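Chemist: Quick one: the structure is below, and I'll ask about it shortly.
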Amino acid sequence: MAGKGTQTPPYWYDGSPVPWAMRLLAPLYAGVTALRRRAYRRGWRKHYTLPVPVIVVGNITAGGTGKTPLTIALVERLRAAGWKPGVASRGYGREDADKPLWVQADTPTAKGGDEPVLIAWKTGVPVRVDRDRVAAGKALIEAGCDVIVCDDGLQHYRLARDIEIEVVDAQRRYGNGRMIPAGPLREPVSRASECDFRVVNLGQADEESAAQACGFGQWPMALHIDSAQPLAGGRARPLAYFKGQRVHAVAGIAHPQRFFDMLRARGIGVVPHAFADHQAYQPQDLSFGSQLPVLMTEKDAVKCRAFGNDWYYAVPLRAELPAAFWVALTDRLDKLRPN
């Protein structure tokens, strides 16, 4: 049996009627969320401030919006600028969730969580998973990090932050605009205006269409794919190698259609296989009855490495943002650098 992932209710985004039970529960969720936030704002509950800068990359909707590609790009930029970044994450869906853990590139995703393992695999920086992000930040500082990047955690108010980056999907935005469970919102849409940076994930949009899709004060993020890395090891192939071929495309992410569309844009014949987000794969899940190449996202690949073979490929995703975004971010961060 395949491990179950998380499915997004269709009525969050497709305009279909919201069940009455969900409508009745949404105000309760909204009230609890507002009360908790007010408690931190008014000092009834205390923030904890770490002695190094803290950057939170998050969203106000449930599910994926492109936070992890941005986190990876951010870590690489910070390292190039002379910082020693570390990443703190909750590690959604992992086993022994109450147990803090250092995540390595070879940590099983069941133990470390999909996104933390992917970040460790791609960047090599210290990655700490812990329900308590304050404790995770302290551990990263002890490990020598001088800036903390939180992958998700916009709503984890106990940890004070210096920079907030909201990531929103350009296609789905805020869905039906309702709070969980009637809609995708963790917090009201107005919360987004309080973030220091709003990044709009445009997928494979080009520079011209990116500029048109983003409003004032929003930064476009384009996603690019160029190659495919065999899971069994060996030299990567350019995606042009698969042009004109049929392939099985596997995506267990929040918005799998985006991955399929990106492959099709490269002239690849896609046989799509959409799985739930955070799917725990078993070998039989990828037995499609043919020897066509299997191309998958890197988030899926880290969960399939144990049974990878010569025709399973991970397709690296690269996030690209305007140079002005990085200038604005590093300028803000440099002001926080200790003398």
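Glycine is no exception: its Cβ is also placed from the backbone N, Cα and C atoms.
Straight out of Swiss-Prot:
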type	residues	note
BINDING	Thr61, Ala62, Gly63, Gly64, Thr65, Gly66, Lys67, Thr68	ATP binding site
Chemist: So, three-state DSSP: helix, strand or coil for Gly64 (ATP binding site)?
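Modeler: Looking at the DSSP assignment, Gly64 (ATP binding site) belongs to neither helix nor strand, so coil.
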Chemist: With every protein chain in view, how many other Cβ atoms are within 10 Å of the Cβ of Lys67 (ATP binding site)?
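Modeler: That number is 24.
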Chemist: Around the recorded ATP site, report the further residues of that chain (criterion: Cβ within 8 Å of the mean position of the Cβ atoms of Thr61, Ala62, Gly63, Gly64, Thr65, Gly66, Lys67, Thr68; site residues excluded), sequence-ordered.
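Modeler: So the extra residues in range turn out to be Asn59, Val167, Asp169, Ala254.
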